[in-house]
Each structure stands twice: as C-alpha cells, then as structure tokens.
Amino acid sequence: MFSNIVFALVLFPYFVVDNVIAFKPVTPNLGLPVSISHNLAEYSPYFPSALYSPPPLGCEITQARYCFAYGFDETNFLERHGARFPTASAGAKINATIAKFKNVKKYEDNKLAFLRKYTYDLGHDVLVGFGAAQSYDAGQLAAQRYGSLVSSRDLPFVRASSSSRVVDSSTNWTSGFIHNFRGHLTIQPPVVLSEAGNDTLDDSDCPNAGSSDAANAQWLAAYAPPIAARLNAGAPGANLTNADAQNLLSLCAFDSVAKEKASPFCDVFTVEEFELFEYSGDIDKFYDTGYGQQLGRVQGVGYVNELIARLTDRPVIDHTESNTTLDSSSTTFPLNRALYADFSHDNQMIAIYSALGLFRQPAPLNTTKPNSRRTWLASKLVPFSATLVTERLQCGFGKSSGAFVRMLVDDAVQPLEFCGSGDGLCGVQSFVNSQSYARSQGNGDFAICFS
C-alpha cells in the first residue's frame with residue numbers, strides 16, 4: 001500500500017532537532033500525470049502549490065529548544081481531511097450514471113470498453129487508505145519543520161470537527177508527528193467539536209446561507225454538452241446527460257484514491273476536459289462559501305476570531321460560530337501554546353480564507369467562461385489534505401522588530417497585501433487590525449443567517 005512514494009523530498013525542506021528522525025513519506029504514488037492530478041479541483045490529491053520558503057533572516061525562534069537565524073514563535077495549522085470516498089449523495093448519483101452503461105450493446109470508443117465489466121464498489125463519506133497516509137505524512141512534515149517548538153511542557157494542541165473522516169485525519173496526523181519524534185512524545189486526543197452545535201471547523205451554522213447550485217448549473221451547461229455528446233457517441237444507448245459526464249470525471253479522482261492507482265476513468269477524458277472540470281470546483285467553492293456567496297465568508301469568522309486569540313494570547317471574542325463553553329476553558333482552548341492543529345472540511349476552509357481576505361479576485365468568477373489568470377483554483381486552495389499554516393514570528397529588523405504573522409496555503413506564502421507591504425510578512429497588530437470583518441462579527445451578516 002505504501003510503495004512508490006509520491007512526495008519528492010526536495011519539496012520538503014526541514015529542520016533537524018533532537019529526537020526527530022528523517023521524513024519518510026508513506027503516501028502511495030497514484031501514477032497520474034500532473035496535468036490530471038492538479039486539475040481535479042477539490043478532489044485533487046495534495047500537492048505543494050509552491051516551493052516552501054523558510055522565514056526571512058532576522059526572525060528568531062523564542063520558544064524553542066534550538067535557535068536559528070530565522071524561525072517561529074507560534075504555528076497554527078488548519079488542515080482539510082485526507083482523501084475520502086464520495087459522499088453518500090454523490091455516490092448514489094455516480095452509481096446511477098454507471099448503471100446507464102448496461103444499455104450499451106457495443107462500445108464505439110475502446111477507452112470506454114472497460115465498463116463492460118466495471119462494478120461501482122466504492123464506499124461513502126469515510127477516509128480511504130490513501131487519505132489516511134496523506135494526513136500521516138502531513139504530521140511527519142509538521143514535526144520536521146516545526147518540531148523545534150515542541151517539548152514535553154509545550155505539546156501540540158489538536159482539535160477536529162466531528163465527522164469521522166476529520167477526526168481520523170487528526171489522529172493520523174498526530175501519529176505521523178509522534179513517529180518523527182521516535183515515539184518520545186505524547187499528544188492528547190483531539191478536542192472534537194460537534195457538528196450538531198457551534199463548530200468553527202464546519203460550515204453548518206448558517207441556516208439561511210445560499211448555495212452554489214445556480215452557478216454550478218450555468219457552468220455545467222456551458223462546458224459539459226460536448227463531453228456528453230462524445231461519450232454518447234462512444235457508448236450508444238447510454239443516453240448520458242451533462243451531469244453524468246461530470247460524475248464520470250469525478251470518478252477519475254475517487255476511483256484512483258480508493259484503488260491507489262490511476263483509474264481507467266482518467267484515460268477517458270482529455271487534459272482540456274479536466275481543466276474544465278477543475279473550473280467546476282472553482283465555481284462551486286466561490287459561490288458556496290466563498291466571496292460569491294453573501295453568507296459565505298461569515299461562516300469563517302469564528303475561526304478567525306479564535307486565531308486572533310491565539311496570536312495575541314488573549315481570550316476569544318466571538319459571537320458567531322464559536323463554542324463559548326469550550327473556548328472559555330484553558331483545557332479545551334488553551335492559549336500560550338506554540339503549536340496548534342485544527343482539522344476541518346473544504347467548504348469551511350474556503351469560508352475561512354474568504355473571511356481572512358485571502359485569494360480575493362478582481363471580479364466574481366464568470367459562470368460561462370474561465371479567466372485563465374485567476375488565482376482561485378480549488379485544486380490549490382482545498383485539495384485533499386490542504387493546509388493553511390499561520391506562523392507567528394519574532395523578528396528583528398531594526399525599527400521593524402517585533403512579532404509578525406506569515407501565512408502559507410499548501411506551502412505558498414500569501415502576500416497579505418491587506419495588512420503589510422505584500423511581502424508575506426505582517427505585524428501581529430496590523431494583522432489583527434486588518435480583520436475588521438471578523439472582529440465586527442461579520443458586520444451583521446451572522447444575524448442574517450437566522451433572520
């Protein structure tokens with residue numbers, strides 16, 4: 001299961017600290033070309049979207065056992081769960097699409113001929129083995145990069161939203177982190193936030209929030225008809241719809257991560273068609289919990305206010321999605337820790353990015369024509385095991401010395417143009433000041449969630 005490692009070590013620079021062993025990835029190589037694996041939208045396997053850059057010279061670790069010329073004072077991880085099976089509803093639609101091929105007497109496209117014997121046998125909702133390995137490797141990598149912050153007196157603090165795939169991802173991450181300390185470390189089980197109540201790691205607390213359905217339908221009608229026509233020509237009698245074509249495109253991802261090898265569904269489509277599929281995920285996220293949804297970004301406000309509390313070592317001030325009971329307890333929401341790790345879902349991470357002000361676009365995404373220069377790409381924002389890392393740095397730049405914030409999404413340093421010079425460094429207080437939307441509890445948007 002763990003042969004043919006997919007991660008190239010050159011992409012993962014790390015610090016060597018005592019008791020930390022070399023990072024040995026265990027995630028299998030799916031054998032997919034980048035032109036496909038990087039165009040599967042939110043179903044893309046994790047890939048670094050940039051070469052990791054350490055903090056600039058002049059920033060020093062102040063709460064670690066080892067000091068370098070640069071480093072971290074505090075680190076916050078926000079990570080999506082690893083790769084999973086389709087959700088139950090999506091799986092039912094995919095199965096209905098596959099059933100249509102029973103009506104095909106003769107395949108005119110040899111790339112579809114495998115469907116004569118294909119049986120849809122995927123589970124639903126839970127992690128696949130590939131996804132478990134992704135989170136384990138993410139934990140190993142975190143230990144390599146940030147292990148110098150950790151000691152027996154200052155252990156990582158872990159939380160997870162209550163879906164089993166999220167909780168399992170958090171424990172897999174913890175296992176990977178501990179492994180790279182040769183087992184000489186004990187991390188408490190995650191604090192689990194119930195998705196039935198207030199939960200800053202899930203997007204279920206805004207009943208009046210709209211959906212991306214209309215935008216999705218417009219893009220599906222724009223891009224899928226030629227694909228459906230080609231498939232129907234290759235499989236006469238199947239009578240596939242536009243939605244069926246999109247279901248089959250998604251199976252490239254789901255079947256590959258489930259079987260841990262490239263799926264035959266990936267050979268059915270062209271690179272250009274996968275690029276169009278990528279845009280379906282971009283549209284969905286933008287108009288579901290992103291900037292294109294009136295009540296999208298407010299669903300990320302609770303987490304942002306928790307992040308501010310950690311960065312400033314002050315109690316949480318939030319009246320939106322946070323659990324006041326948990327956040328007011330030093331046991332379930334401690335401050336003054338050096339490393340925090342939270343585990344969440346893709347839709348909630350999109351809401352958090354938007355609440356923070358990351359990945360702003362010059363105009364709303366066009367629902368019939370992609371902008372090739374857009375920076376809103378679901379495969380780079382929320383692939384399986386996506387990670388937002390927020391670092392608090394202690395830096396010395398003469399008059400600019402002090403505490404700074406740096407953010408990385410899948411290893412890409414964010415410019416933070418909303419609170420700094422755009423170089424990726426922002427003073428902690430400047431960062432806090434820039435988060436007026438969160439600090440004002442969403443400027444009244446959260447009240448609309450229930451009005």
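Each residue, glycine too, has its Cβ placed from N, Cα and C.
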Of the candidates Cys206, Cys252, the one sharing a disulfide with Cys266 in TrEMBL: Cys252
Entries of Cys59, His81, Cys252, Cys266, Asp346, Cys395 which, being recorded positions, have CA atoms within 10 angstroms of Cys419 (disulfide bond): none
From recorded positions His81, Cys266, Cys395, Cys426, the one whose Cα lies nearest Asp346 (active site, proton donor): His81
Closest of Cys59, His81, Cys395, Cys426 to Cys252 (disulfide bond), Cα positions, recorded positions only: His81
Inter-residue Cα distance where the pair is Cys426 (disulfide bond) and Cys59 (disulfide bond), in Å: 13
